[in-house]
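Enquirer: Please read through the structure below; I'll follow up with questions.
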Amino acid sequence: MLISLKEALDYAEQNKVGIAAINTPTYEMLLAAVRTAEQHNIPLILQHAEVHEPINTIEDIGPVMVELAKRSTAPLVVHVDHGESYDYVKRGFDVGFNSAMIDASRLPYDDNLALTQKVVALANEYGYGVEAELGVMPGREDGSQASTGTSNETLYTDPDLAQSFVRDSGVTALACSFGTVHGLYKAEPNLNYNLISTLREKTGVPIVMHGGSGLTDSEYRECIKRGVAKINYYTYADKASFEAVQNYLAEKPETFIFSDLTTIATKAVQQNLNNLVGILYGKS
Ligand SMILES: [Zn+2]
């Protein structure tokens, strides 16, 4: 069934869990994410990032995401991830997405705020939630431009700016920069837990973690404890499916059945997400 971003985040804070927000640009990722949510009967966010348009457009994969979410026994949100323009968010809403992130974090503060306000006004017409971003995280959602993870690449989110940004925009949740990076970690992430606590307190809204792949169990738990309620996750699940296919091909180089590979990929993502869900929701 479809639930709102606000309902998912309320669940997270009431139950002291982190909601997994999984990018599902392929059908294999999508199926694995939905099955994981159903298996554990947990709320989960299915999302499509604008940077994944070359894999599948939001008009192609979006209606499939919405349909699977509606008929699922699990409570699911269908969310535009890293929408870079008002028009892209609108395209998501047009195919049935019920939540969106507008990412104007690379623009100057005033421009970021103005675009976010415009998107919130649109979302309010539907009663949908909006996530925005303040502070710049290195790397990109598709795992390209991987980062070294050193703190000097990161512009940490300023708590006072975050406070006025949330107040003046009316967003449901705020993606902040506190030491995570998009893509694969090449060095240890340098997480600033006190900053998360301060941001949660000052903004009054749940904090979103981007670059949620590859942290340790205790790092995830501590971030959730401090105020992170939504955790974006993609790169390591994608990597798990790739490695499963690679291993299969090494064992059976003579295979010519492509659907065997998609089945293996789906199962590998499910296994990877099961592990994630164990950490974020305390399920196993
Ligand atoms: Zn992100």
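Each Cβ is built from the backbone N, Cα and C atoms, and glycine gets one as well.
Reproduced below are the annotations present in TrEMBL:
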| type | residues | note |
| --- | --- | --- |
| ACT_SITE | Asp81 | active site, proton donor |
| BINDING | His82, His182, His210 | Zn(2+) 1 binding site |
| BINDING | Asp103, Glu133 | Zn(2+) 2 binding site |
| BINDING | Gly183, Gly211, Gly212, Ser213, Asn232, Tyr233, Tyr234, Thr235 | dihydroxyacetone phosphate binding site |
Enquirer: Give the residue from the binding-site residues Gly183, Gly212 that has the most other Cβ atoms within 10 Å of its Cβ, counting over every protein chain displayed.
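Expert: Selected residue: Gly212.
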Enquirer: Considering all pairs of residues in Gly183, Gly211, Gly212, Ser213, Asn232, Tyr233, Tyr234, Thr235, annotated in the record as contacting dihydroxyacetone phosphate, what is the maximal C-alpha distance expressed in whole angstrom?
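Expert: This binding site's residues have a maximal Cα-Cα distance of 11 Å.
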Enquirer: Around the C-beta of His182 (Zn(2+) 1 binding site), how many further C-beta atoms are within 10 angstroms, looking at every protein chain?
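Expert: I get 24 for this one.
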Enquirer: Which binding-site residues among His210, Ser213, Tyr233 have CB under 6 Å of ligand 1?
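Expert: By the Cβ criterion, which requires under 6 Å to ligand 1, the hits are His210.
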Enquirer: Within 10 Å of the residue listed as 'active site, proton donor', Cα to Cα, which of the binding-site residues Asp103, Gly183, Gly211, Asn232, Tyr233 are there?
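Expert: Taking Asp103, Gly183, Gly211, Asn232, Tyr233 one by one, the ones whose Cα falls within 10 Å of the residue listed as 'active site, proton donor' are Asp103, Asn232.
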Enquirer: Counting across all protein chains present, how many other Cβ atoms fall within 10 Å of the Cβ of Thr235 (dihydroxyacetone phosphate binding site)?
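Expert: Taking every protein chain into account, the count is 22.
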